[in-house]
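Asker: Let me begin by handing over the structure; questions about it come next.
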Amino acid sequence: MGDLATALGMLADPTLVVAVLASAVYGLFIGAIPGLSATLATALLVPFVFFLDPLPAIAAVITMSAMAIFAGDLPSALVRMPGTPASAAYTEDAYLQTRSGHGSRALGVALLGSVIGGIVGAVVLMVAAPLLAEFALLFTSYEYFWVAVLGLAASVIISEGSQVKGAISLLIGLLLSTVGIDIALGYARFTFGSVDLLQGISFIPAMIGLFGLSEVLRAALRPSGPVEVVRLRTQGMFRETVRTLRRYWRGMVSGNAIGSVIGALPGAGGDIAAWVSYAATKRASKEGHLFGKGEGHVEPIVSAGSANNAALASAYVPMLVFGIPGDTITAILLGVLLVKGVQPGPELFNSDAPMLYGVYLIFIIANLLLVPLGYLAIRGSAWLLRVPPSVLMPVIVAFCVVGSFSINNGYLEIIIMLVLGVLGYLLERSGFPLAPVVLGLVLGPIVEKNFMQSVIKTNWDLTQFLTRPISALLLVVTVVVLLYPLLRRLVRTLRSG
Amino acid sequence: MTTEPAPAPSGVPWRHDLVSGLLTAALGAAVVLHVRTFPELPDGQPGPALFPGIVGGLLVLFGLVLVVRAVLARGEPAADPDAGVTARGWLRALAVLGLVVGYLLLAETLGFLLTMGVLLFLLMWTLGARPLIAVLAAAVTTGFIFVVFEELLLVPLPEGLLG
């Protein structure tokens, strides 16, 4: 209990409180703007949290992302545009509900569903993370090599669209991660004579480019015309919302379960969780034929709307236990923590319990804070949506530029941001997912370091990677994950044949 | 069961995938050739070249897989990734990049306040904001960034002429 008290004391830090409140407002704002994702919000928040201690930095990112994922539902319901990709699955239903006069119920359900989903995801984190950490304490460099490889393999298999393209995205990230001094000999790789590149591709400017600048480019290419905002009546909203949630409690349970599992998989975040949950609810519901048509339906908002927030929290399970991020937001956060010298892993669970309790508490606090702030955002949503993109986009570009510069007070970081911004846009336009690029960039050095350490330690005895019990288990899991698409196809052919 | 049309393998035209695949394979080949100049470990074991070499080889492999799949998917319906993008759209995207490049070129001589203020105004104006709003928004944003980064976070923004 002493650790819990210490954690509470750490949370009373004024800097942390200010960081949490400011990032909450920021998250609601960015999340509510169509086309600006929670990942972009994280990338742009990083230059600020970079100057904070680890716990306030994590607190700011957790609070901001919980707010942003809920706020993404606002423009879904009001102007039929998802505020973040995590809301895209049920945008049609939310909008049709609003058009037929049930807008406040739809948003109320989205709000309370998000809060419950976030808290359930946090409970999953609190239960699963320490158990897995106990197991992970047995790991040596061999096992960490396999866990990182497993994370990379999973990110390819569950990437959206074609898996070949997912693999290429991952390889591009891995290649970028090899720029700079190498671990075995200190040899300068791919620096082309630049002294500044010896330290490698700076991670934070790379993220700001991939997710910040590239999203602005996409929005600039396809300007959205003036939007017509549907008016809402919020009287009696919470009473009706609670009644709806009780009626569709099954959807709530399945949404939370699906979200928690998918969030914990490396590379899959809230948007995939929402799509899977939507599909599962549609299959299970008696009223599934009404989804996305006519007046729309509130049930998918209950399930998918909570699934995306549950995924957000459970993505921290692999991130804290193995140092393998569960989604793009935790990938960025992990990059920041590594730069700050905090190495997440099982030791964290023994040596720094107050910090972990702090993280758990932040999840609960952030989601409770979402109730009043989310309600205010619903009331003020019409105003939020009237910010003209012609002003907002340049402001974001300005923050991309100055944010990248501030990491190292150098112009190379701005160039990295610019190049990766254009690359990110081109990749996504050609159907390549961006999440594996980030995972490759973060996990590349971990894979290489653990491999080289292992082989140099044993004078190139590669059998160690296969014969140690946990290594062998992880190897089998990796192979199964890689073969999963083939297995699934085989089962389908057998069934239909 | 209603018959839903099967989606194209990747949703983009096969020619795009063909080009992407060829570029990927070319990149991989260049990496594989380049890492052969890297030194080996003292005992002759592969060192710095091993990891990028594997990545390069896999890039060649998956690039060629993409090429083959693109050719096989020839003629299947696909969405044009540039649908709905007008000449004005390209201009706007270029203007966004223009702000970043312009800042890189001018900030050291003109300083942060002048460079960012003017470039922000120009970009807002290009994107369609009214001049008065653009002036005000550019000034407020530049001032806000200056206060937060220079004064609060102690980032030394370039001073230039005004310094």
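Placed from the backbone N, Cα and C atoms, the Cβ positions cover glycine too.
Keep in mind that TrEMBL annotations are predicted by a computer and have not been checked by a curator.
Since we're looking at a predicted model, the values are computed, not measured.
The transmembrane segment annotation in TrEMBL covers A:16-36, A:48-71, A:106-129, A:135-158, A:170-188, A:200-221, A:315-337, A:357-376, A:383-405, A:411-427, A:434-453, A:465-487. For A:18-439, the entry in TrEMBL reads domain 'DUF112'.
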Asker: When the pLDDT values for the domain 'DUF112' (A:18-439) are averaged, what is the result?
Answerer: 89
Asker: Would you kindly check A:200-221, A:315-337, A:357-376, A:411-427 and say which stretch has the most C-beta pairs under 8 angstroms to the transmembrane segment (A:170-188)?
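Answerer: Looking only at A:200-221, A:315-337, A:357-376, A:411-427, the most contacts with the transmembrane segment (A:170-188) come from A:200-221.
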Asker: Between the transmembrane segment (A:200-221) and the transmembrane segment (A:411-427), do 3 or more CB pairs sit under 8 angstroms, pairs being 6 or more residues apart?
Answerer: yes
Asker: For the transmembrane segment (A:200-221) and the transmembrane segment (A:106-129), check the count of CB pairs under 8 Å (sequence separation 6 or more) and say whether it reaches 3 or more.
Answerer: no
Asker: Counting only residues 6 or more past its boundaries, what in the same chain has a CB within less than 8 Å of a CB in the transmembrane segment (A:465-487)?
Answerer: 138-140, 142-143, 145-147, 149-150, 153-154, 157, 163, 454
Asker: State the residues, same chain only, that lie 6 or more residues beyond the ends of the transmembrane segment (A:434-453) and have a CB under 8 A from a CB inside it; answer 'none' if no residue qualifies.
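Answerer: 141-142, 144-145, 148-149, 151-152, 155-156, 159, 166-167, 169-178, 183-184, 201, 203, 206-207, 210-211, 214, 266-269, 323-325, 327-328, 331-332, 334-335, 338, 424, 427-428.
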Asker: Going along the chain, which residues at least six beyond the ends of the transmembrane segment (A:383-405) come within the CB cut-off of under 8 Å?
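Answerer: Here the qualifying positions are 28-29, 32-33, 36, 40, 44, 46-47, 74-75, 78-79, 204-205, 208-209, 212-213, 216, 219-220, 223-224, 227, 229, 377, 411, 413-414, 416-417, 421.
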